[in-house]
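Chemist: Input: one structure, supplied below.
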Amino acid sequence: MSNSRSILSQPEWRIVDQSSLGPTFHALQSFAMDDTLCTSIGNGKSAATMRSWVHHNTIVLGIQDSRLPHLEEGISFLKQHNFNVIVRNSGGLAVVLDEGVLNVSLLFQETEKGIDIDLGYDTMWHLIKEMLKDYDVTIEAKEIVGSYCPGSYDLSIRDQKFAGISQRRIRGGVAVQIYLCATGSGSERAALVRDFYNLAIQGEETRFTYPEIVPSTMASLSELLGETITVQDLMMRLLKTLQQFAPKLTPSQLTIDEIPLYETNLQRIIDRNNKALGLEK
C-alpha cells in the first residue's frame, strides 16, 4: 500500500464538497464537474482534488445498459419508482444513487508517480480502509458476483458489497470514483436494479452478458457495521483521513477559468446522454 499512500500524500488537497446540494443537483452535472477538474489538474492548473457528491434517486446506467433490448420498459419502471435515469460517459453498468449514498472522486495528474490503473483503484481502497479503521472489520477488494455493476474492485465486508470503484482518465488527469452505500437497504437497491434488468431483457438473448443480481450480496455500511453511519459521518471521516496525508485542505468550487469548460462539458454530456437514451430531438 506504500504507493497508494504516496498518492494520498499531497502538499494540498483541493476540496470540492457537493454532498449537500439537494435534489436539484443533477448527476449529469457531476460527470461534467469531474471532466472539468481532470482537465485542470492535467494542465497543472489545479492541485489534486477530492470531490464529494450526493444525488437523490438516480439510476446511472453504463453504455452497455443503453443497448438493452427493452430499455424503454426498464426506464419506465424506474421512473414509476421516482428515479431519474442517466447514462454515464464511462464504462460499467447500472448503479443506484440516493440520499444514503456518498460518492467520492479523487482526481490527480496521470503522470504523477506513474499511476497505473490498479494503483488508482488501490489508492481509493486504501483511503476507505483508513476512514473505517476503528471498526473491527476486514474490507476486501474483489468481485462480488450477484451484485450490480460487479468489478474486481468491489469493496465488501463478509462478502457483502457496500461500494464500487470506477476510473476515468481525461487530458492528463485521473478521476477515481467510488459510491459508498452509507444508510438504507443494500438489498432493496439491488432488487430495484434486478427488476430493471428483468424488464429490460425479458429473457431475450443479448450480445453482452448482464449481471444476474442476487440482492443479498449487497448491504449498506450501517447494516454491515451494526450502527447508523450517515453520509455526514462518512464526510467527517473522509476529511479527517485526508488531513493525515496533506498539511493543507482547501475548500473550493470551480474557478472563473473552469466555468466555461464546465459549461461546454455539461452540454456535451447532456447531448451524449440524450443520444444514448434515444431522446434526441
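Going from the start of the chain as shown, residues are counted 1 onward.
Including glycine, each Cβ sits where the backbone N, Cα and C put it.
Residues annotated as active site, acyl-thioester intermediate in Swiss-Prot, with sequence analysis given as evidence: C149. According to Swiss-Prot, the feature domain 'BPL/LPL catalytic' maps to 44-250. Annotated site 'Lowers pKa of active site Cys' per Swiss-Prot: K161, in sequence order.
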Chemist: Take every residue in the domain 'BPL/LPL catalytic' (44-250), average their pLDDT values, and give the whole-number result.
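Modeler: Averaged over the domain 'BPL/LPL catalytic' (44-250), the predicted model reaches a pLDDT of 95.
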Chemist: For each of the recorded positions (C149, K161), count the other CB atoms lying within 10 A of its CB, then report the residue with the highest count.
Modeler: K161
Chemist: Would you identify the secondary structure of K161 (site 'Lowers pKa of active site Cys') according to DSSP, in three states?
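Modeler: The three-state answer is strand.
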Chemist: About how far apart, in whole Å, are the alpha carbons (Cα) of the residue listed as 'active site, acyl-thioester intermediate' and K161 (site 'Lowers pKa of active site Cys')?
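Modeler: Approximately 11 Å lies between the Cα of the residue listed as 'active site, acyl-thioester intermediate' and that of K161 (site 'Lowers pKa of active site Cys').
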